[in-house]
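Q: After the structure tokens below, expect a handful of questions from me.
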């Protein structure tokens, strides 16, 4: 994958564009993003570009340490967040929280 590209499931597009989703939680394979890096955002399903984001921080976290604050930044409840993470990464327990903001 292009090092300046990130994908999201289409269901998250509107939350990202509206500023309701300001973090993403990824596994080690996507932990190399750097603060201030500009990423082109595409849909996972169709590879359609829809935004640019700037990485604000990349912070390691264990699954059990996910909190209501993380869920709020994902625009979900904590049980929803934990369920989504386990659906996407069923074998993982260590993740990276990538905080971001939309850029023009």
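Heads up, residue numbers simply count up from 1 along the chain you see.
Backbone N, Cα and C atoms are what each Cβ position is placed from, and that goes for glycine too.
What Swiss-Prot records for 21 is active site, proton acceptor. Feature annotation from Swiss-Prot assigns active site, nucleophile to 24. Annotation comment: Swiss-Prot describes 74 as active site, proton donor. Taken from Swiss-Prot, the feature domain 'ASCH' covers 7-104.
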Q: Once near-sequence residues are set aside, which residues in the chain of residue 24 (active site, nucleophile), 6 or more away, have Cβ atoms under 8 Å from its Cβ?
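A: Same-chain residues close to residue 24 (active site, nucleophile) (Cβ under 8 Å, separated by 6 or more) are 6, 8, 74, 97, 98, 100.
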Q: Could you tell me how many residues in the domain 'ASCH' (7-104) are helical, how many are strand and how many are coil under DSSP?
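A: Computed counts for the domain 'ASCH' (7-104) are 31 helix, 36 strand, 31 coil.
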Q: Please report the number of other Cβ atoms within 10 Å of the Cβ of residue 21 (active site, proton acceptor).
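A: So the Cβ neighbour count for residue 21 (active site, proton acceptor) comes to 18.
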Q: For the residue listed as 'active site, proton donor', what is the tally of other C-beta atoms lying within 10 angstroms of its C-beta?
A: 23
